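Colleague: Taken from Swiss-Prot, the feature Mg(2+) binding site applies to N11. Annotation source Swiss-Prot lists ATP binding site at N11, K18, H175, 203-207, 278-280, 326-330. Sequence annotations record features per position, and here Swiss-Prot assigns substrate binding site to R86. Residues annotated as active site, proton donor/acceptor in Swiss-Prot, with sequence analysis given as evidence: D143. Marked as site 'Transition state stabilizer' by Swiss-Prot on the basis of sequence analysis: H175, R236.
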Amino acid sequence: MNEFPVVLVINCGSSSIKFSVLDASDCEVLMSGIADGINSENAFLSVNGGEPAPLAHHSYEGALKAIAFELEKRNLNDSVALIGHRIAHGGSIFTESAIITDEVIDNIRRVSPLAPLHNYANLSGIESAQQLFPGVTQVAVFDTSFHQTMAPEAYLYGLPWKYYEELGVRRYGFHGTSHRYVSQRAHSLLNLAEDDSGLVVAHLGNGASICAVRNGQSVDTSMGMTPLEGLMMGTRSGDVDFGAMSWVASQTNQSLGDLERVVNKESGLLGISGLSSDLRVLEKAWHEGHERAQLAIKTFVHRIARHIAGHAASLRRLDGIIFTGGIGENSSLIRRLVMEHLAVLGLEIDTEMNNRSNSCGERIVSSENARVICAVIPTNEEKMIALDAIHLGKVNAPAEFA
């Protein structure tokens with residue numbers, strides 16, 4: 001065992017690698033960065049928020065070699081005791097995180113057609129890390145696994161049975177690592193017993209989803225077979241009538257691929273506002289009286305509130321609503337509007353607490369008179385991945401999650 005063990009957390013996206021190095025004793029972040037523009041001539045690496053440096057080799061393997069070199073410069077390479085990989089899709093095979101073996105790799109490859117842009121990139125990261133860090137235990141943490149506790153009535157679509165049986169068409173859900181981390185922290189913040197609790201977690205960012213967590217387990221979530229279903233997002237439409245898209249296709253002669261691009265890349269906040277997918281830009285426009293920016297935000301809020309209320313129906317009781325993600329943690333406007341929209345549930349805002357900076361960390365933002373507690377809990381997916389790696393790799397875990 002290394003005297004100073006660290007965990008390397010790797011998140012390979014469709015064209016990027018985000019990474020963090022965490023102290024295994026307390027999960028403090030020692031180093032982080034991003035390699036972006038992979039498989040393009042503009043590939044670069046930025047470490048600890050520093051100036052981007054061009055990558056000599058533009059592949060995932062080349063980017064991970066550059067990351068390993070940065071660790072070596074900081075005398076961290078030999079301290080890497082565990083590697084945790086974020087895997088986008090585990091299908092129905094993976095119900096929890098797993099130590100990476102040949103069988104696990106084969107099973108990830110089997111479900112990769114469900115998320116081809118990300119899972120194949122995840123596999124490239126695993127294979128490269130195995131070469132760069134031979135003998136180091138690696139762990140796969142799946143974005144979908146937390147939601148595998150959903151009952152069939154929550155994950156099935158009302159489609160012919162053969163599509164589920166033969167093609168695996170069902171709701172899988174995403175943001176599972178975030179929902180799991182935040183719900184665990186919420187039990188502590190709200191002094192709830194994990195096995196007797198009811199929470200709705202709103203992970204709001206450029207991608208956004210709601211999760212109903214009953215007794216520590218996901219029982220419903222807003223995203224579906226893909227991250228497109230559910231809430232309206234930065235550029236994604238969220239829930240949309242298939243018949244509406246069929247009609248659009250008939251009127252515009254657009255192909256299925258064209259429409260898939262529209263609902264994933266040209267819709268949501270961007271589509272309605274015509275201005276931006278960035279909520280910070282839209283909030284500024286909101287205060288300046290930009291009508292379509294205001295309409296985009298109102299639509300975004302309406303969808304969030306409707307999904308929160310709907311997900312609460314999957315609980316035996318509602319102990320708390322938790323805001324997390326880039327928007328959930330940082331936008332006091334969105335939190336206020338959502339809470340006002342949910343007055344029917346007995347929500348009341350504590351304006352002073354809601355307006356505090358996110359640097360204040362975990363906090364309750366509902367008033368003492370509210371029937372349901374609302375809180376802000378910053379997510380930390382990297383820490384959750386590291387903790388899973390520590391648990392499976394048999395390294396002593398920090399006390400709060402031991």
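Note that Cβ sites are derived from N, Cα and C of the backbone, with glycine treated the same way.
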Colleague: Checking your reading of the structure: which of the recorded positions N11, D143, N206, R236 lie inside a 10 Å Cα sphere centred on R86 (substrate binding site)?
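Modeller: Candidates kept after distance check: N11, D143.
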Colleague: Indicate the candidate from R86, H175, R236, R280 with the smallest number of other Cβ atoms within 10 Å of its Cβ, considering only these recorded positions.
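Modeller: Looking at the recorded positions R86, H175, R236, R280, the Cβ with the fewest others within 10 Å is that of R280.
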Colleague: Given a separation of at least six residues and a C-beta threshold under 8 Å, show me what packs close to E329 (ATP binding site) in the same chain.
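Modeller: Spatial neighbours, sequence-distant, of E329 (ATP binding site): F323, N358, V376, P378, T379.
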Colleague: When the Cα-Cα distance from H175 (ATP binding site) is computed for each of the recorded positions N11, D143, R236, which gives the smallest value?
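Modeller: Result for H175 (ATP binding site): the nearest of the recorded positions is D143.
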Colleague: Suppose we draw a 10 Å sphere around the Cβ of D143 (active site, proton donor/acceptor). How many other Cβ atoms does it contain, all chains included?
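Modeller: Taking every protein chain into account, the count is 26.
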Colleague: I'm trying to understand the geometry here, so how far is the Cα atom of L204 (ATP binding site) from the Cα atom of R236 (site 'Transition state stabilizer'), in Å to the nearest whole number?
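Modeller: Distance between the two Cα atoms comes out at 13 Å.
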Colleague: For the residue listed as 'active site, proton donor/acceptor' and R280 (ATP binding site), what Cα-Cα distance in Å is obtained after rounding to a whole number?
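Modeller: One finds 26 Å between the Cα atoms of these residues.
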Colleague: Can you see whether DSSP assigns R236 (site 'Transition state stabilizer') to helix, strand or coil?
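Modeller: DSSP call for R236 (site 'Transition state stabilizer'): coil, neither helix nor strand.
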Colleague: Looking only at Cβ atoms, how many others are within 10 Å of the one on I327 (ATP binding site)?
Modeller: 25
